[in-house]
Amino acid sequence: MKAIEWRDNRLIILDQTLLPLEEKYLELNDYHAVAEAIKTLRVRGAPSIGVAAAYGIALGALGIETQYCSEFLPLYQQVSAEIASTRPTAKNLFMAAERMDHVVASGTDVSQVKISLVEEAVKIHHEEEEASRKISAFGAELIQPGWTVLTHCNAGPLATAGYGTALGVIIAAHQQGKNISAFATETRPLLQGARLTALELKEAGIPFKLITDSMAGHFMQKGVINAVVVGADRIAKNGDTANKIGTYSLAVLALAHGIPFYVAAPSSTFDKSIESGRDIVIEERKPEEITQIRGQRIAPENIAVANPAFDVTPANLITAFITENGIIRREAKN
């Protein structure tokens with residue numbers, strides 16, 4: 001399954017909201033459709049969101065029918081702003097938009113700018129693919145033979161437009177013959193673990209067990225989990241990390257049980273412009289994601305609901321970051 005493909009100036013995405021029941025690809029021909037796909041999680045995962053955003057901006061630019069820079073620029077800015085407004089937490093989205101904006105700012109010929117925008121989007125895609133491969137290789141070195149690794153949400157090929165980050169580490173360790181196994185949390189409320197990670201683990205041939213989010217502490221207490229590896233949506237300058245809601249709880253549990261807690265993420269997820277996790281904007285999603293499952297109501301009507309999509313794990317709970325440039329370990333004093 002390919003999460004994202006650029007073909008003949010069209011963006012082809014796998015609709016991840018339908019998995020694992022249906023494998024359906026969507027052909028997106030304009031940037032509005034790309035923005036909607038990002039908002040509705042048809043494409044998801046920080047690296048994949050960044051790649052889709054770049055292609056969406058390129059599509060929007062290709063659709064601007066003028067050869068005059070003075071007319072092109074304000075229309076382009078509308079495109080970029082709409083794509084950037086889709087989801088507030090993932091750093092990769094804003095990184096992609098900034099790079100595309102830089103291409104426009106440095107150009108003088110509209111036709112060439114459009115070509116350069118497509119080239120930049122393809123470059124971003126290739127960079128994320130290569131980064132995920134390197135992350136997986138570095139991370140696999142941390143996994144010992146026979147270990148059982150727990151992962152949360154989905155940070156595999158579907159989420160990264162490439163090989164995977166957290167799940168890529170597990171897949172790489174398996175391919176090295178380390179005889180490992182995995183636990184995958186179902187990841188409420190949208191069940192990315194049950195729907196997507198379980199599917200990718202099954203396809204990779206890795207022995208695993210699917211558990212509810214609240215079971216993780218039980219299995220840590222039983223001593224059957226040797227490491228936790230998760231992805232990230234944004235990492236602050238001090239190492240505080242925003243990831244899928246529930247990640248912080250897992251980090252606290254891992255510390256309490258002496259289990260290493262690793263964050264696997266490309267450099268595009270690191271945001272040096274913010275000092276700490278206090279500055280990370282946490283996306284609040286619609287209450288129906290909690291009160292309904294696939295359109296079926298599971299909670300009483302007219303109740304208050306809180307639905308933050310992410311939480312922030314303080315840097316002092318993270319054993320190390322796994323990046324395409326190597327392993328970044330937490331210093332003893334910081």
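The backbone N, Cα and C atoms fix where each Cβ goes, glycine too.
What Swiss-Prot says about this one:
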| type | residues | note |
| --- | --- | --- |
| ACT_SITE | D233 | active site, proton donor |
| BINDING | R44, G45, A46, R87, Q192, N243, K244 | substrate binding site |
| SITE | C153 | site 'Transition state stabilizer' |
Rounded to the nearest Å - Cα separation of the residue listed as 'active site, proton donor' and A46 (substrate binding site): 5
For Q192 (substrate binding site), the three-state class that DSSP assigns: helix
Distant-in-sequence Cβ neighbours of R44 (substrate binding site), under 8 Å, six or more positions away: Q16, I38, N154, L158, A159, Q192
Top Cα neighbour of C153 (site 'Transition state stabilizer') in the set of binding-site residues G45, A46, R87, N243, K244: K244
Around the Cβ of R87 (substrate binding site), the count of other Cβ atoms that are within 10 Å: 22
Neighbour tally for K244 (substrate binding site), based on other Cβ positions within 10 Å of its Cβ: 26
Max CA-CA distance, Å, over listed substrate-binding residues R44, G45, A46, R87, Q192, N243, K244: 17
